[in-house]
Amino acid sequence: MGDETSRYTVDEALVAMGFGNFQILVLVYAGMGWVSEAMEMMLLSFLGPAVQSAWGLSSNEESLITSVVFGGMLVGAYSWGIVSDKHGRRKGFIITATVTSVAGFFSAFAPNYLSLITLRCLVGVGLGGGPVLSSWFLEFIPAPSRGTWMVVFSAFWTIGTILEALLAWFVMPRLGWRWLLALSALPSSLLLIFYRVTPESPRYLCLKGRTSDAVSVLEQIARINGTKLPSGILVSDNQIELGEKSIPSEDAHLLSPRRTESATQKEIDSNLGGISSLLLLLSPKLIRSTLLLWVVFFGNAFSYYGIVLLTSELNNGYSKCTQKNLQSQKSHDVNYRDIFIASFAEFPGILISAAIVDKLGRKLSMSAMFFLCCIFLIPLVFHQPEDLTTGLLFGARICITTTFTIVYIYAPEIYPTSVRTTGVGVASSMGRIGGIICPLVAVGLVQGCHQTVSIVLFEIVIFFSGICVVLFPFETKGRKLSDSVSSPKYINESA
């Protein structure tokens with residue numbers, strides 16, 4: 001019985017060492033990836049109208065420029081999640097950073113429409129690895145401060161959107177859309193430069209039975225943070241569960257690192273692979289959380305990117321519908337000022353997330369902001385003056401930024417380590433389907449003079465997403481991360 005005090009988990013080690021300089025470095029690196037994804041997504045607001053004007057595209061062809069990026073992200077989010085769960089978080093995000101930076105840079109030299117959408121689709125495939133970076137960062141944070149620091153991490157997305165809006169404001173009128181594409185690809189290339197010094201997740205290493213490698217990473221964290229590891233032997237949650245099921249005479253063997261690594265590795269290898277990981281997400285213990293999460297990710301992506309596109313389309317779309325004779329002159333106009341102002345709505349969204357995520361909990365915070373977003377959009381069912389439209393979209397974007405921030409905290413928390421990035425990746429893929437569809441609603445319907453139908457569709461999706469949040473089976477505020485679906489919270493969910 002006394003031997004129990006000589007064991008510790010990754011969670012206990014992280015709590016003992018606290019959030020320090022090491023986590024700050026990891027935050028900056030992962031945050032740069034988030035900045036990169038935000039910039040690549042934000043530029044879609046400017047790219048479509050500019051290319052439509054330059055190449056004489058139809059509204060459907062303009063919408064396709066955005067949709068192919070989300071189509072690529074759908075494939076990438078699922079693929080990179082499986083890669084990182086099977087081969088490690090580091091291998092997952094190095095591939096995604098390479099694809100994003102190379103395809104993003106070369107898209108600036110696209111000679112025609114077909115090559116442009118092909119390269120932008122590849123950019124989407126790379127951007128699909130965003131959940132890998134967020135899960136990687138999450139696995140270095142002590143449980144008590146996880147919500148707060150994941151909100152701080154999400155702030156890098158806001159920084160990226162504002163940087164892109166500012167960059168477009170200066171670059172587009174002077175140098176054009178090709179320069180914007182090339183400059184927007186720079187942040188993802190920074191991930192490649194500093195890749196060699198990034199550590200693997202100790203939680204992933206421990207789960208895979210590589211406890212000696214996990215201890216090395218934890219020792220590095222302790223050294224940089226100026227703290228010490230707990231005394232004893234590092235074990236995973238899976239090993240503790242095996243120990244609890246074993247007879248007392250086997251306890252000593254469970255504390256042997258060699259035996260532990262072998263047993264854990266067999267357990268993981270026998271249960272997980274690409275298809276079996278997906279099937280585990282749909283197992284009785286996880287299916288309710290998984291299906292509800294898919295709907296919420298769809299609703300978040302559909303509404304967030306829709307609101308971003310509406311900011312550039314709504315007033316312009318109305319002017320085309322009321323002044324048909326000026327359509328050819330107005331079709332490519334973009335109000336950079338309004339888009340830049342609307343981008344700042346994400347800062348209040350981040351601050352609200354930080355204030356409520358650990359006080360109200362994940363579920364109440366998300367559902368309340370979804371319903372408030374509906375209220376902001378109701379007046380836009382009919383055309384409003386330009387300043388009021390900008391103000392209402394500003395408020396709606398605050399709300400949807402808050403929900404998007406919190407769902408990226410909640411999603412990794414509800415899955416065990418063995419399928420964490422796969423679970424978040426597949427959910428993110430569902431969100432990409434929303435991203436594929438939203439240009440047809442935010443661009444196609446508005447340009448077709450159907451603003452009322454467009455807004456009503458957004459209202460339905462957002463409201464239904466809020467209902468799904470209420471139906472989530474459990475709150476994750478303050479909970480430790482789990483390594484296995486045999487954890488009590490999953491047992492309770494399937495009961």
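Note that Cβ sites are derived from N, Cα and C of the backbone, with glycine treated the same way.
Annotation source TrEMBL lists transmembrane segment at 13-34, 64-81, 93-111, 117-138, 150-171, 177-195, 291-310, 339-357, 364-382, 388-411, 423-446, 452-474. Annotated domain 'Major facilitator superfamily (MFS) profile' per TrEMBL: 26-477, in sequence order.
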Legend entry - Cβ contacts the transmembrane segment (177-195)/the transmembrane segment (423-446), at least three under 8 Å, sequence gap 6 or more: no
Legend entry - Other parts of the chain folded back onto the transmembrane segment (452-474), taken as Cβ under 8 Å at six or more residues beyond its ends: 288-289, 292-293, 295-296, 298-300, 302-303, 306-307, 310, 363, 366-367, 370-371, 373-374, 377-378, 380-382, 400, 403, 410, 414, 434, 441-442, 445-446, 489, 492-493
Inset, instruction - Report, as numbers and ranges, every residue of the chain located at least six residues beyond the transmembrane segment (291-310) whose Cβ falls under 8 Å of a Cβ in that stretch; write 'none' if there are none. - result: 41-42, 44-45, 66, 70, 342, 366, 370, 373, 380, 393, 396-397, 400-401, 403-404, 407, 411, 414, 423, 426-428, 430-435, 437-439, 441-443, 446, 454, 458, 461-462, 464-465, 468-469, 471-472
Inset, instruction - Look over the recorded stretches 13-34, 64-81, 93-111, 117-138, 423-446 and say which has the most C-beta pairs under 8 A to the transmembrane segment (150-171). - result: 13-34
Inset, instruction - Report the listed stretch (13-34, 64-81, 93-111, 117-138, 339-357) having the maximum count of Cβ pairs within less than 8 Å of the transmembrane segment (388-411). - result: 339-357
Legend entry - Of 93-111, 117-138, 339-357, whichever stretch has the most CB pairs under 8 A to the transmembrane segment (423-446): 117-138
Legend entry - Rounded mean pLDDT for the residues that make up the domain 'Major facilitator superfamily (MFS) profile' (26-477): 78
